[in-house]
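J.: Pulled the feature table from TrEMBL, pasting it below:
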{"type": "BINDING", "residues": "Gly104, Ala105, Phe136, Asp221, Glu222, Val223, Gln224, Thr279", "note": "pyridoxal 5'-phosphate binding site"}
{"type": "BINDING", "residues": "Arg139, Thr278", "note": "N(2)-acetyl-L-ornithine binding site"}
{"type": "MOD_RES", "residues": "Lys250", "note": "N6-(pyridoxal phosphate)lysine"}
Amino acid sequence: MHPVTRADFDQYMVPNYAPAQWLPVRGQGSRLWDQHGRDYLDLAAGIAVTSLGHCHPAMVKALTEQAQQLWHVSNTLTNEPALRLARKLVDATFAERVFFCNSGAEANEAAFKLARKVASDRDPARDEIIAASNSFHGRTLFTVSVGGQPKYSEGFGPRPQAISHVPYNDIAALRAAVSARTCAIVVEPVQGEGGVLPASREYLQAARELADAHGALLIFDEVQTGVGRTGALYAYQQYGVTPDILTSAKGLGGGFPIGAMLTTSEIAQHFSVGTHGTTYGGNPLACAVAEAVIDTVNTAEVQANVTARAAQLRAGLEALNAELGLFAEVRGMGLLLGAVLNDHYAGRAGEVVAKAAEAGVIVLQAGPNVVRFAPSLVIGEGEVSEALGRLGSALQAFAG
Ligand SMILES: *Cc1c(COP(=O)(O)O)cnc(C)c1O
């Protein structure tokens, strides 16, 4: 068999992605290497996934040790890594109960089903889920329907019903929408895919108060913001607003697939035996890796690095912008940053991403106008400077 190349993607894969022309084969820390040995500095971390960089020794150790012990049992049995991880998540958050699954979409699917189940048990007239326009919650039919980007939910036949959307960060619109029919309000504390747009503290506080006043649940989708990315273990802790249900994935496994839904005992009891499940949820390999991630991330040292590297990256982007005048603003929280292209360059974030890759630095876009940065939480000062240097050349070439 001939060695695989990027051309094989077009020949063999379902064409729902358009990957870059270069093909990574190895990663270490915040660096990736392609098939020809060229290196790339990684300011994307997958999409906010490889929270400890590539092949972090604590994760390699956890994975390989667990690989010698036990890979899988069904949910007719439980296992030690899942129980240890659940205990750590409960100890570190508002939650009293944890449900494990394999992705962000599945964590949200569980959250939305649980909210509907709670409503159906307490008050069957209540079924409405209120979400934000431009939000992103995953790609299952329920999660694209709750997500506020119609382009992702159209063309797949009838959608789940009783879902409405209100503009993000608009307290009056949320107040007008919530009623005795509302079973849950769903919010991303920072809209990630929607353009790295942080919620205001007042908005999250209002969402909490409105949910309480109308007997609805408050769900925070922290799939992208969670596990240290914003400068706390979860962003809700920085906002000082506690949800009833929180979903986590992406950074939780640091590159190994896992998702989690966190909630209180009171709410969790509505998922009684047999009401919901998934074959791989609580997989020992995934949970062992996630435990190593939590142990490493939930430390003062890593949180201090997030704050310091975020300041460095922001300052570097502001300095490049002072020179080149590309961005209207740099926004975000911790190491989830978005540089918003100004009107002159509107719609061209994809070109910036491509130019950056040519210069050997990986960045992301978040919609057509925002260049997104979500590096490893343990990226070094030297790596950030080097990446900013490469990005500077890329932006210069882009501004032409
Ligand atoms: C990525 C993302 C999801 C979906 O996660 P998957 O693991 O791709 O299913 C859901 N919500 C938010 C906020 C995300 O950023």
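Yeah, the Cβs are placed from backbone N, Cα and C, and that goes for glycine too.
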J.: Out of the binding-site residues I have (Ala105, Glu222, Thr278, Thr279), which ones have their Cβ sitting under 6 Å from ligand 1?
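T.: Going through Ala105, Glu222, Thr278, Thr279 in sequence order, those close to ligand 1 turn out to be Ala105.
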J.: At the level of the C-alpha atoms, what whole-angstrom distance separates Lys250 (N6-(pyridoxal phosphate)lysine) and Thr278 (N(2)-acetyl-L-ornithine binding site)?
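T.: Just about 18 Å between their Cα atoms.
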J.: Check Gln224 (pyridoxal 5'-phosphate binding site) against DSSP and tell me helix, strand or coil, would you?
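T.: DSSP call for Gln224 (pyridoxal 5'-phosphate binding site): coil, neither helix nor strand.
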J.: Long-range neighbours only, meaning 6 or more apart in sequence with Cβ under 8 Å: which ones does Gln224 (pyridoxal 5'-phosphate binding site) have?
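T.: The list for Gln224 (pyridoxal 5'-phosphate binding site) reads Ile47, Ala48, Gly104, Glu188, Val190, Gly192, Glu193, Lys250, Leu336, Ala374, given in order along the sequence.
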J.: What are the non-local neighbours of Ala105 (pyridoxal 5'-phosphate binding site), defined as same-chain residues 6+ apart in sequence with CB under 8 A from its CB?
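T.: In sequence order, His137, Gly138, Arg139, Thr140, Thr143, Gly259 meet the Cβ cut-off.
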J.: Highest CB neighbour count within 10 A among the binding-site residues Thr278, Thr279?
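T.: Top count of Cβ atoms within 10 Å goes to Thr278.
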J.: Going by DSSP, give the three-state secondary structure for Thr278 (N(2)-acetyl-L-ornithine binding site).
T.: coil
